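Chemist: Here you go, one structure.
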Amino acid sequence: MATPLFHGSIVALVTPMTHGEVNYEELKRLVEHHVQAGTHGIVSVGTTGESTTLSIDENVKVIKKTVEFADGRIPIIAGTGSNATSEAIILTKLLTNSGVAGCLSVVPYYNKPTQEGMYLHYKAIAESTDLPQILYNVPSRTGSDLKPETIGRLAEIPNIVGVKEATGDLTRLPLIKKLAGEDFIFLSGDDATGLESMKLGGQGVISVTNNVAAADMAKMCELALAGKFDEAEAINQRLMALHHDLFIEANPIPVKWAAYKLGLISEPNLRLPLTTLSEAAQPTVLAALQKAGLI
């Protein structure tokens, strides 16, 4: 099978802020950092990019600026999810001709739709655009699980091309591949099990760890996709503390603090109701950065 457009180490990029406002100069530097590090793709304004506390106008501007800064050197995936189908469609339409390579759309959160509701939600979004759509299943945050059987149904829609699975349940991968087809893209949304998912036929990871270990994550994924799992595992083990400890508090709280400690962004701040990493958690994240050899 040919290498799909969406593969390897795709960073779920933080949105840098100064005094509560998006810092576009720092965003430009972050995009350049990932291009130079070999990152295979950028998710702009996903969960890690604080999508829920940006306005629609800010969402669109950040994504369009990310496309501008990337300048065709790396595919940009737009976070366009919402728990209101109509809002997700508005976001998707606003970005259809923006230069993004595709959209990542989270399972509707809080309102807990049925499997049929999720199917109709994604079907309506896909029919509103020609852009490739990636489903995003993260039941620990949404309260709802997009079942493999529903993913299989959605895979029949031509521009629904893949799924980001953030359950960490590796038993789902072969079932999804069976129901959705071998060409359906499976991207792990769980750094700790990302390499294992690639051993089972997954194509990559949409990664939080990549924010602070971009070159290592890119190399690990390249080795894994080449079948060099022992070499990939050596990198993975060095990063394992990060994979876990960047979730010691709700994402993206720890990763923004870690990026700040590495000098990648000038402030670790987030918009309320998210707050900066607690003093009690900081030594744990610092130790993980040290174990990874990043400081």
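One-based numbering along the chain as shown.
Every residue, even glycine, has its Cβ placed from backbone N, Cα and C.
Per Swiss-Prot, the feature site 'Part of a proton relay during catalysis' maps to Thr47, Tyr110; the stated evidence is sequence analysis. The pyruvate binding site annotation in Swiss-Prot covers Thr48, Ile206 and is backed by sequence analysis. Taken from Swiss-Prot, the feature active site, proton donor/acceptor covers Tyr136, and the record attributes it to sequence analysis. According to Swiss-Prot, the active site, schiff-base intermediate with substrate annotation covers Lys164, on the basis of sequence analysis.
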Chemist: Can you tell which of the recorded positions Thr47, Thr48, Tyr110, Tyr136, Ile206 lies nearest to Lys164 (active site, schiff-base intermediate with substrate) in space, using Cα positions?
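Modeler: Nearest by Cα distance to Lys164 (active site, schiff-base intermediate with substrate): Tyr136.
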Chemist: Counting every protein chain present, what is the number of Cβ atoms, excluding its own, within 10 Å of the Cβ of Thr48 (pyruvate binding site)?
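Modeler: Counting Cβ neighbours of Thr48 (pyruvate binding site) within 10 Å gives 24.
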Chemist: List nothing but the one residue from Tyr110, Tyr136 whose Cβ has the fewest other Cβ atoms within 10 Å; the candidates are the recorded positions.
Modeler: Tyr110
Chemist: Quick one: Cα separation, Tyr136 (active site, proton donor/acceptor) versus Tyr110 (site 'Part of a proton relay during catalysis'), in Å?
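Modeler: Rounded to a whole number, the Cα-Cα distance is 15 Å.
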Chemist: Please report the DSSP secondary structure of Thr47 (site 'Part of a proton relay during catalysis'), reduced to three states.
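Modeler: For Thr47 (site 'Part of a proton relay during catalysis') - judged by DSSP and reduced to three states - the answer is coil.
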